[in-house]
Structures are given as structure tokens and as C-alpha cells.
Amino acid sequence: MKNMSLKTLFTIGLIAILTLFVLRSPIENLIKNTEKLDTHKYAIDFIDDSGHRIKMDKPATKIISLYSAHTENLFAIDAGKNILGIGRADAYPMEVFNLTRYDYRADPEKILAANPDLVLIRPFIERKTPDFVNSLRRSGINVVSLYPTKFSDFDDYILKLGMISGKEKYAQKKLNEFHEKIEEFKKFNSRFKDHPGVYFESSETGYTTVTSDSMPASAIKIAGGNFIANDAEPIEGSSIASYGIEKILQKANDIDIFISQRGVMGAGGNIHSITIRPGFKGIKAVKDNKVFEISQKIISSPTFRFLKGIHEVSRIIHPDYFDNLSNMISQNNTTNRDLAKLVVKYKHKVYFVPTSSYFRKEYNGHTYGKFDDLEFSDPDFDFIETAVSSGYMDTNKIDGIEYFYPEKEITKEEFAKSLYLISDLRKQTIHKEIKDSNDCKNLKIIQIIVDNNIMKLENGKFNPKDNISMKDAIQTLNKLKNTAKQ
Amino acid sequence: MKKGLIVTLIIVLVVSLFSGCSSSLATDNGKRAILVVSFGTSYNDSRALTIEATENRIKDEFPDYDIFRAFTSQIIIDKLKNRDNLDINNVLQAMEQLKKDKYSEVYIQPLHVINGEEYNDLLNQANNYKDSFNTLRIGKPLLSSTEDYQKAIDALKDKFSNLEKNEAVVFMGHGTPHIANAQYSELSYMLHDEGYSNVFVGTVEGYPTIDNVISRLNEKNIEKVTLMPFMLVAGDHANNDMAGDESDSWKTILKKDGFEVTTYIHGLGEVKGIQDLYVEHLRNLIDGLYEPEENK
């Protein structure tokens with residue numbers, strides 16, 4: 001009797017477990033429907049990009065942002081002070097370096113211990129580490145997943161960030177400014193009649209590009225280019241689109257400009273690797289040396305720095321206008337600031353934008369953003385950082401602190417050195433005598449510059465410590481350009 | 001009595017099973033494999049021209065063997081998996097696979113340049129599998145004997161045979177804290193003894209540094225320099241640390257000192273003569289011309 005009872009109990013238990021297993025789906029639906037029946041009015045109530053309904057009575061004040069674009073945008077809409085922590089790859093703005101870092105590939109306990117009232121993710125994180133995200137949700141933390149795959153979704157995305165951080169008005173104001181600038185770009189670029197064909201490489205793996213409604217393709221169109229891969233097939237749920245080597249080579253003659261995004265995992269190839277690919281020498285852009293690298297952070301990432309991306313694509317597409325040095329001619333002496341702009345424009349060098357891995361190394365020379373006398377808001381910040389990071393200009397370090405001295409007038413010797421660094425000038429066999437050679441610290445470089453007739457001697461002297469006017473500097477750069485063509 | 005019989009039978013069965021397993025691994029079943037081991041690279045385009053090209057040469061030269069790949073850099077393996085969904089074995093995984101597939105003869109050819117830390121790790125890892133195969137032999141890196149240096153120089157000499165007095169070629173080697181770092185100096189010494197006195201070797205992470213090289217260049221009144229990587233692959237070091245438009249790349253450092261600089265961004269693996277040397281090492285290995293490598 002006792003045995004029978006145990007057997008019955010076991011059978012009942014087994015049936016109960018099986019029933020629960022079979023009915024788990026309807027039970028889950030019931031729970032979901034119960035959620036839908038929730039009649040409480042929430043101040044914040046929307047469906048996020050992973051399909052979850054977000055319900056909050058008030059904006060979050062302790063946010064952990066696990067995607068760098070979210071972090072950057074929160075700072076941009078004045079919600080930076082609400083950020084409690086950030087992800088591993090965040091590197092902008094510089095304030096992020098004072099914040100605690102969290103990793104979605106690690107134990108969620110670290111995040112739970114920080115007690116945030118909101119964790120911001122993107123659908124990629126949910127797909128990659130569902131257990132991590134579910135465990136946050138189960139702990140009662142608001143997890144919001146956002147990512148605009150289309151450029152047209154950008155406003156909605158920013159407004160949602162504004163809503164959950166209590167900065168909706170500021171977000172709208174920033175968006176208004178953003179669109180005003182885009183309209184200016186459109187209006188400005190509409191004056192150009194040529195619309196060169198532009199191919200955009202999103203990843204070198206499988207030669208993928210982007211969809212025609214993505215941020216990079218939009219930047220190309222706003223900048224006046226003809227986005228070549230309009231027929232690319234989108235990879236579901238992303239702005240990445242497959243293209244393949246055959247299709248690229250089929251359009252070899254139509255690709256006037258080849259742009260590769262760099263700086264992230266799975267990005268496009270660098271200029272050298274693109275040019276050594278089998279068959280790529282037949283691409284017009286490769287033949288014409290019109291292969292460019294651009295940071296993913298300013299061209300694909302959904303942030304307000306996208307305006308810089310449009311600016312840079314505009315420079316790539318219309319160099320004769322955007323990098324036209326004659327617009328800068330004046331009788332003033334050339335300053336360090338002027339020189340930075342001159343050399344970056346001369347080289348058509350796209351803005352240098354560091355990633356988080358850049359900051360993991362130590363640099364003997366300059367480190368991005370470390371000039372004590374240069375603000376991020378400086379209108380020429382990107383030109384200066386690009387010129388120095390590319391090694392075209394020297395910097396000054398005193399007691400470990402870096403100075404750029406933007407308004408300091410440069411000497412002829414400093415100018416000559418930068419000329420040499422941006423050029424491929426060859427040493428000549430016949431040398432001109434430089435009477436004041438003892439005054440030249442960089443005599444080898446000055447000799448090459450003088451022997452190539454790039455800069456002239458005055459009564460046999462180079463006068464290395466003299467300043468140089470903008471007019472003379474630009475004339476000299478034009479001479480350098482003509483020499484390079486020969 | 002009955003129980004005792006069953007226990008005895010089970011013991012006999014288990015013992016015969018185990019003995020069966022071990023004898024099957026050591027049996028010469030004619031299955032032969034070559035494992036080509038390199039550090040690896042995440043530069044897909046350069047990988048095709050260097051590592052894959054060398055592996056393909058080995059495939060062509062040894063058609064009776066199954067050729068496999070392993071990388072020693074777990075960072076590169078993980079990166080390629082995450083980024084490109086590309087599965088590449090590390091050495092242990094590759095050895096386990098070969099064991100599982102019951103290969104009886106296994107030959108490992110490293111594509112390393114010097115006999116440094118990476119090579120030592122390979123020896124340590126592979127030697128643990130000595131008893132898993134009928135034959136297990138581990139080959140030698142590019143520069144392993146005096147003749148190797150001469151052959152490597154021969155393979156590359158068209159790059160520096162016709163230098164003018166004021167011209168130099170500077171090779172960028174990787175460099176290592178391992179004692180094998182001295183191999184770069186040996187290469188330099190031999191280059192000079194072979195008559196290539198305007199060819200210099202520096203390293204990114206060891207001795208000689210680029211500053212040491214610049215001193216030598218100045219001693220010889222060199223004015224024009226061509227930079228070349230002395231690495232299997234033209235990856236991050238070649239593209240950025242050597243030839244990059246960066247404030248501390250070798251190109252920029254040399255130009256700031258007034259040298260005229262050109263760059264040659266091609267890995268050693270692209271050079272047929274270098275591939276030949278790896279193939280020769282492998283052939284010697286298979287022919288039993290090398291003493292077995294002990295853990296170092």
C-alpha cells in the first residue's frame with residue numbers, strides 16, 4: 001500500500017511536469033497578455049528596438065550605457081551626469097574616461113551591484129548575450145534596447161534617449177540644429193554638377209557594404225556622391241548589406257571613389273590591403289588613388305558626430321572646393337593652427353578619430369586630446385589632431401604636459417620640415433649652397449627642400465627663424481603639388 | 001560463483017577495450033598529416049598572400065599528406081571567430097583533432113621566423129602528443145641554421161642587390177625578450193658578411209631598436225632608406241608601426257631625421273624563395289634529417 005502510494009505520487013508529479021512543459025507556451029502568452037492588460041498610465045511607455053515594452057514612471061538618473069553611441073548621445077543631450085557606467089569600447093567624449101566600465105560578456109552581478117535604474121543596450125547585445133540581458137530583466141532593472149538601422153530612424157532614437165533620461169526638450173533642440181546643418185550641407189553640395197560614383201566598404205569580410213537607407217549611404221548622398229551599391233541586399237536586422245567581390249568588379253569603371261570604414265571589429269580593409277586584392281587594380285578609384293579610410297565612429301555610428309562624417313565625405317568627393325588652399329590666402333603670418341589646416345587639406349587626409357584601443361597604448365609623442373591649450377570645442381580641433389597624429393607636425397612637451405601653441409607663428413624651418421613630412425621629395429645630386437646652414441637644425445631636410453626648388457634662398461640664405469606668410473605658404477604648397485605631379 | 005564470472009568477464013572486456021584503443025593510435029595505418037603552424041593574422045588580404053600561399057605551396061609539394069592549419073595567437077583566433085566567423089584551431093585543438101582522426105604520422109611545420117617564445121610553446125604543446133602518433137616530428141622556423149640565413153638572404157637579395165652607396169634597406173623584425181632575439185643581430189651580421197653592408201635589421205619590440213638603426217645609418221652616411229618587414233605577414237606592424245602616417249612610425253621617425261624613405265609592405269610569406277625554405281625544412285623533417293626537438 002505504501003509502495004503504491006509512492007508510485008502514484010511519482011506518476012502524478014511526472015504528469016504535472018509534462019503538462020507544465022507542454023503548456024509552457026500558452027502560459028507565457030497568458031503572462032504577456034496580462035502585461036498588456038496593465039492599465040496604469042506610465043510617463044514613459046514605448047516598445048524598444050528588441051520588441052520589449054518599456055514602462056517607466058520617471059526618467060532614469062542612474063544609467064549604465066553598454067553601447068558607445070548611446071553614451072555619446074546622452075552626453076550630447078546634456079544627460080551625461082545621469083550616466084553611472086559605460087561599456088568597454090567607449091572613448092568619446094573624454095569624460096567617459098572617468099566612468100566605471102562594464103562588460104556585457106561578463107557576470108551581470110557587477111551591474112546589479114551598481115544598482116542602476118536603467119541599462120541601455122542595443123539589439124546586437126541581446127542577440128549575442130541573451131542570458132546576460134535576461135538576468136538583468138529578471139532582477140527588475142529596466143533594460144532598453146535601441147539601435148536605428150536607418151538614417152530616417154535617427155530622430156526617433158534620439159528622442160527616446162531624451163525621454164528616458166528626462167532631456168526630451170534638449171534632445172529636440174539638438175536634433176533641430178543637426179537637421180539645419182544637414183540642410184546646409186545639402187544646399188551647399190547641390191551646387192556641384194558632378195556626382196562621382198562612391199562605393200562604401202563596411203567590412204572586408206565577404207566584401208560587405210551598407211543599405212541605401214543607412215547612415216553611410218545617406219552621408220554619401222548628402223555630400224553629393226552617387227552611392228554605387230543601391231542594389232545591395234540587406235542582411236536582416238542591420239544596415240549591413242552583402243555585395244561580394246564579383247559585383248564590385250562588375251562596377252569597377254563606375255567606382256570613382258572607394259571609401260572603407262575603419263576603427264572597429266569587422267571593419268573594411270586599409271588602403272594598402274584594398275589595393276593588393278586580386279582584380280582590384282582594375283577599379284577606377286584604385287587606379288586614380290582615390291581609396292580613402294574613414295572612422296566608423298563618424299560615418300556609421302548613430303551620433304551627432306555624423307555631421308563630421310558628412311563633412312569628411314564632402315571633402316573626399318569635392319576636394320577642389322573643400323581642400324582648396326587658396327580660400328585661406330592672407331598676408332598674415334602662418335600660425336601652428338593654419339599649418340595644421342594647410343597640411344591636412346593638402347594631403348586630403350580624413351580626420352583622425354581614435355577608438356578605445358588607441359587609448360590602451362602609450363605614446364612617446366603626442367596622445368589624442370592631451371593638448372593642454374586646445375579645447376575639444378575648438379573649430380580646428382580635428383585638423384590639429386589629424387596633423388599631429390599623422391606625424392606632419394611636431395608638438396611641445398614640458399614636464400609631461402603637451403602644448404600645441406595654436407596661435408604661435410611658425411618659422412620657415414618648421415614649415416620646411418612639415419613640407420618634407422607630407423611629401424615624397426627625393427634627394428637631388430646637385431646641392432645648392434646654404435650660407436646660413438649652421439643656423440639650420442634640420443639641415444638635411446632644408447637642403448632637400450631647397451634643392452627641389454620648393455623654397456628659395458634669399459641672397460644664399462635660408463633664414464630658418466623667419467616667419468612665413470599664409471600667401472607664401474600656400475604658394476609653396478602649390479609648388480610642391482606641381483613637383484609631385486611631375 | 002555466477003557473480004565472480006560476470007566480474008571477470010567485465011574486467012577482461014574493459015582491459016581489451018583499452019588495449020585496443022592504445023594499439024589503434026600507435027598503428028601505422030598510412031594516414032599522414034602536415035600541420036602548418038603560424039602566429040596568424042587578422043589582415044585577410046595579407047593572410048591570403050602569405051600564410052595561405054605558403055600552405056598552398058606545401059599542399060602542392062606534399063600531395064600524399066593531408067594539410068592542416070593552426071595559429072598560435074589565441075587573440076587572432078578569437079578575433080577571426082568573432083569578426084569573420086572563421087574557425088581556426090590553436091595547436092592543442094589541432095593535435096586533438098589529428099589524434100581523434102587517428103593519423104599515424106604527423107609532421108608540424110612552423111612558419112615562425114626565429115626560434116623564440118612562440119616556437120618554444122609549440123614544442124612544449126606538441127611534445128605532449130608524442131605517444132599519440134606513430135610518428136610525430138616538429139620542424140624548424142625559418143632561421144634555424146647558418147645555411148638558413150644564407151638562403152633567406154638569397155631569397156630576398158633582389159630587393160637590395162643594387163643599392164647605391166647612400167641607399168639602405170632597413171628590415172623591421174618583430175623582436176622578443178626571448179634569448180632568440182639575438183638571431184636578428186646574426187642576420188644583420190651575415191648580411192654584412194655576404195657583402196650587403198647597407199642592409200640593416202631593427203625590431204619593433206626588441207634590440208636593435210630603430211634608434212640603434214639610425215645610428216648605423218648615420219655612420220654610413222645613408223640618405224635614402226627603404227623599409228621592409230622581416231615578418232611572415234604584412235600586418236599591423238608593417239602597415240602601422242613601419243609604414244603608417246603616424247607620429248611614431250618608423251617612416252615618420254626616419255623622415256624627421258631627414259632620410260628619404262620608401263616603404264615596401266609585403267610579408268616574407270609572399271616571397272617564393274622563402275616559401276621554398278619552409279618547404280625544404282619540411283622535406284628534411286619528413287626525411288628524418290633533423291634530430292628530434294626536445295623541450296627547450
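Easy rule for this one: first residue shown is 1, then count along the chain.
Here the Cβ of each residue, glycine as well, is placed from N, Cα and C on the backbone.
Noted in TrEMBL for the protein shown:
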type	residues	note
SIGNAL	B:1-26	signal peptide
BINDING	B:His174, B:Glu205, B:His237	Co(2+) binding site
ACT_SITE	B:His174	active site, proton acceptor
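Counting every protein chain shown, 22 other Cβ atoms lie within 10 Å of the Cβ of B:His174 (Co(2+) binding site).
Long-range C-beta contacts of B:His237 (Co(2+) binding site), restricted to its own chain and to partners at least six residues apart, with a cutoff below 8 Å, comprise B:Met172, B:His174, B:Val204, B:Pro229, B:Met231.
For B:Glu205 (Co(2+) binding site), the same-chain residues 6+ apart in sequence whose C-beta sits under 8 angstroms from its C-beta are B:His174, B:Gly175, B:Thr176, B:Pro177. Summary of the Co(2+) site environment: with the site residues B:His174, B:Glu205, B:His237 set aside, the chain residues having Cβ atoms within 8 Å of the Cβ mean position are B:Met172, B:Gly173, B:Gly175, B:Thr203, B:Val204, B:Gly206, B:Met231, B:Asp241.
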